[in-house]
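Q: This is the structure I have questions about; it appears just below.
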Amino acid sequence: MKIVVDENMPYVEPLFGALGEIIPVNGRTLTPEQVQDADVLLVRSVTRVNAALLDANPKLKFVGSATIGTDHVDLAYLAGRGIPFSNAPGCNATAVGEFAFIAMLELAARFNSPLKGKVVGIVGAGNTGSATAKCLEAYGIKVLLNDPIKAAEGDPRHFVSLETLLLEADIISLHVPITRSGEHKTLHLFDEARLMSLKPNIWLVNCCRGDVIDNQALIKVKKQRDDLKLVLDVWEGEPHPMPELVPFAEFATPHIAGYSLEGKARGTFMLYQKLCELLAIPANKRLSELLPPFHFKAVELEQTPDEKALLQLARFVYDLRDDDAVFRNGFARSNGFDTMRKNHKHRREFSALALAYHGQSEVDWLSNLGFSGVGR
């Protein structure tokens, strides 16, 4: 069995090596010739999976995408040909949620404006939005959820309108898929008019899709509104973000919010499980076997961490400032965006760090935030 796989997908060899011949490829430049005799195709979001790519392949048995979203895949085409498809919903949700939370802590420290006491509006309450809410609520932050689709489907959580969210939230975090038409279109959901209408001193975090914000309009608005603080992990025109926009972001990264070691391993592992199910063979591998030990054995706490100490704990796991610096130095180079993604040092999730607590105060919130081993 020939398995064509994006070269940036981790843990392919230990998971799929026994199932067939693995052919690593550049996912962004993948051609029909490279997949014409593949039995299995495993991709990420940089690959457009459609008739143009697959028409020349008569034998494809399975397409898997190690992503939450599927907007890069022509699902109707695959269904029409009877080719099974699976993605990895939720595989990197924890990573994205922690990224957004850490970004807010970093903004709070930079502007000496504590996160505690602020109201955070989350636009899009799917996997990543819910993971972000989980972190915030663990820390005691009031969260407003906006998701008209979830609300219409009967989701029991309390939702507010986008208008209410924009009026009440001090921070807005975006977690919607890109939808280019229809009642709930998200393409340029934040256009010039909406950006200009944001309340004073708002923080705007985007780690879903770059096109959800009109980037050209964002440049125009930022020139007029220095009070609007930005964290941008995604960009219109990836892998070529607008150079003029980058300096306007407090933190800028190359679409790596979901790039935790756990998240990336989880995405590949979910496709492995699905392919084994399709082939009717046992999935003998275990996710825990893939992950290396964390470089900190444990961190001992003498007292309940305040916000400054919490940020320090978060930085033990992931220091956003490092990726921001690398991005600013490299995004304008030829293939710089993709090179940074490919060479990204996979951060760990909070669960990799064990905390030993010796104080008397309540610390369940640290466990709820995701840290492991919290105990007295």
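Just so you know, glycine gets a Cβ as well, placed from its N, Cα and C.
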Q: Among S45, S288, which residue does Swiss-Prot annotate as binding substrate together with T67, Y259?
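A: Answer per Swiss-Prot: S45.
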Q: Pick the one from D170, D233 that Swiss-Prot also lists for the NAD(+) site with D147, G258.
A: D233
Q: Cβ-Cβ under 8 Å from H255 (active site, proton donor), same chain, 6 or more residues apart: which ones?
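A: Residues satisfying the criterion: G210, D233, V234, W235, E238, F337, R341.
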Q: Between C-alpha atoms, which of these recorded positions comes nearest to G258 (NAD(+) binding site): S45, T67, R209?
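A: With Cα distances computed to G258 (NAD(+) binding site), the winner among S45, T67, R209 is T67.
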Q: If you draw a 10 Å sphere around the Cβ of D147 (NAD(+) binding site), how many other Cβ atoms fall inside it, taking every protein chain shown into account?
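A: Around the Cβ of D147 (NAD(+) binding site), 23 other Cβ atoms lie within 10 Å.
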Q: With an 8 Å cut-off on Cβ-Cβ distance and a minimum sequence separation of at least 6, pull the same-chain contacts of T67 (substrate binding site), or say none.
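A: Residues satisfying the criterion: R44, S45, N87, A88, C91, G267.
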Q: Name, in the order they occur in the sequence, the residues of the same chain whose CB lies under 8 A from the CB of Y259 (substrate binding site) and which sit 6 or more residues away.
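A: The answer is N92, A95, R341, H344, H346, R347.
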Q: C-alpha of D147 (NAD(+) binding site) to C-alpha of R209 (active site): distance in Å?
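A: A Cα-Cα distance of 16 Å.
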Q: Residues other than S45, T67, Y259 within 8 Å, Cβ to Cβ centroid, of the substrate site?
A: R44, A66, I68, G69, N92, H255, G258, G267
